[in-house]
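Undergrad: Have a look at this one before I ask anything.
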Amino acid sequence: MTSGKEKLKVFQDEFMCAVCLDLLKDPVAIQCGHSYCKICITDCWDQEDQKRVYSCPQCRQTFSPRPALARNTMLAEVVEKLKKTRLSADCDAGAGDVQCDVCTGRKYKAVKSCLVCLESYCQTHFERHEEFHSHKPHKVTEATGRLQEMICQKHEKLLEVFCRTDKKCICMLCTIIEHKNHDIVPVADQRTEKQVFKINHQVNTKLEPKNLDQI
């Protein structure tokens, strides 16, 4: 039987941004119908400014000129209510849980990790983090114990682009130095392409006859 927490997880997945993989923040809907955090889609399109052709990170539909972004007020209200009902209130960190890096003494379970500060936070400390950085929001993700794997070991920057030439995730400084003139795409683009390839492979596999005797 599905628990209330599992049902909430399925429900909140419908309101996740496909770029940062977190609940939508300041959501905007683009012409194809997909929604993103305003800061996420803005960052994606900033990287496409030179081509003057802008695409949806999910369906790849293109737009030109660059579309204006308007806040989806109704969606923002739904997401805000969802945040308030999330079963992510502070609780003691158990075995296998990511601990809050700010808590002293009694450690609470982390609910978010900041990819800029390289720290994980319980609900209380995450809210303080968001308030402190409200002038310039940091990139955050669901609590993870693998923060170091998401950071470039050479430049200590977020691995936010994928080098198709060398088939590895790299940071923006890497694109200027070691990977100059390589085939570079945003990590979100590479992730979406892999998902599409996987789906197509699964569909084609199901359509293939098991053997000639069954035809």
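Think of each number as a place in line: the chain as shown, counted from 1.
Each residue, glycine too, has its Cβ placed from N, Cα and C.
Automated prediction, rather than curation, is the source of TrEMBL annotations.
Sharing the features that TrEMBL gives for it:
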- 17-60: domain 'RING-type' (DOMAIN)
- 147-187: domain 'B box-type' (DOMAIN)
Undergrad: Would you mind giving the whole-number mean pLDDT across the domain 'B box-type' (147-187)?
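TA: A mean pLDDT of 85 is what the predicted model shows over the domain 'B box-type' (147-187).
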Undergrad: Within the domain 'RING-type' (17-60), how many residues are helix, strand or coil going by DSSP?
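TA: Per DSSP, the residues of the domain 'RING-type' (17-60) fall into 9 helix, 9 strand, 26 coil.
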